[in-house]
């Protein structure tokens with residue numbers, strides 16, 4: 001069963017306008033609606049991470065997420081905080097969120113004791129840049145991508161496990177779009193080889209492709225028109241081993257998953273009936 005992460009950005013400069021919720025009341029309303037229409041988890045981003053994003057201090061990140069965490073205090077297990085800043089992460093841990101999502105993949109060992117004492121799940125993301133936000137200068141070649149991603153995760157998972165973090169708390173995100181390369185071919189190669197990654201790593205995978213640059217480069221459309229391409233990529237990811245999908249359109253994805261699962265049941269039933277006919 002796939003877990004759907006709905007994207008909620010508490011920023012002024014996220015690359016997809018419709019994901020932005022700047023006022024606390026609007027953010028709470030949007031989060032509740034996401035949970036209603038199909039999100040299992042709301043992934044809350046207090047700072048953008050695309051190449052043109054402006055820096056946000058930990059104090060401002062905390063100021064942005066605090067009202068939402070107050071409002072969702074009885075559903076903290078369904079909240080993820082998307083931040084790579086240790087101060088924000090420690091605050092989120094103290095509030096009892098269900099997930100921490102780090103685009104740098106938790107590089108700071110000083111945070112590990114706090115993580116080990118908590119029980120939230122960790123989305124450990126790979127990026128070619130290794131630190132900071134996505135850039136247009138990193139360039140991971142398609143033919144090198146899988147080996148590089150596996151090497152990164154083997155080292156990072158080992159470090160987290162040695163610090164006392166249980167393996168069943170770890171979720172791995174290979175990174176997509178500018179986090180891999182400005183060239184769409186790298187993301188397409190990784191997306192088409194999810195099964196290989198999952199077999200090599202042996203841990204759950206999260207895939208986040210929603211409205212990303214490589215989709216636009218592939219189909220020749222702007223961000224605002226990438227809903228159908230995003231859904232197609234997300235369904236491909238689910239069919240090829242993704243356990244978690246992070247999306248701007250959780251309601252659409254949930255409907256598509258429901259239909260796909262229903263169709264699979266009918267296909268299985270029909271195959272079983274044909275077997276009985278030939279018995």
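Every residue gets a Cβ built from N, Cα and C, even glycine.
Every protein chain considered, the tally of other Cβ atoms within 10 Å of the Cβ of residue 213 (4-aminobenzoate binding site) stands at 22. Look at Swiss-Prot and you will find 49, 178, 213 tagged as 4-aminobenzoate binding site.
Among the features that Swiss-Prot reports, (7,8-dihydropterin-6-yl)methyl diphosphate binding site is placed at 82, 101, 173, 212, 246, 247, 248, with the record citing similarity to another entry. DSSP assigns residue 212 ((7,8-dihydropterin-6-yl)methyl diphosphate binding site) to coil, not to a helix or a strand.
Here residue 101 ((7,8-dihydropterin-6-yl)methyl diphosphate binding site) comes close to 43, 80, 81, 82, 83, 123, 125, 173: these same-chain residues lie at least six apart in sequence, with C-beta atoms under 8 angstroms from its C-beta. Look at Swiss-Prot and you will find 101, 173, 212 tagged as 6-hydroxymethyl-7,8-dihydropterin binding site.
Here Swiss-Prot flags 1-258 as domain 'Pterin-binding', drawing on sequence analysis. Each residue in the domain 'Pterin-binding' (1-258) has a pLDDT score, and their mean in this model is 91.
The binding-site residues listed here are 82, 173; among them, 82 has the most other Cβ atoms within 10 Å of its own Cβ.
Highlighted in sequence order, 103, 123, 125, 175, 176, 179, 206, 207, 208, 246 have their Cβ within 8 Å of the centre of the Cβ atoms of 101, 173, 212, the residues recorded for 6-hydroxymethyl-7,8-dihydropterin, and are not part of that set. The C-beta environment of residue 212 ((7,8-dihydropterin-6-yl)methyl diphosphate binding site), restricted to residues of the same chain at least 6 apart in sequence and closer than 8 Å, consists of 176, 177, 178, 187, 226, 230. A C-beta separation below 8 Å, combined with a sequence spacing of at least six in one chain, links residue 246 ((7,8-dihydropterin-6-yl)methyl diphosphate binding site) to 5, 7, 43, 173, 206, 207, 208, 210.
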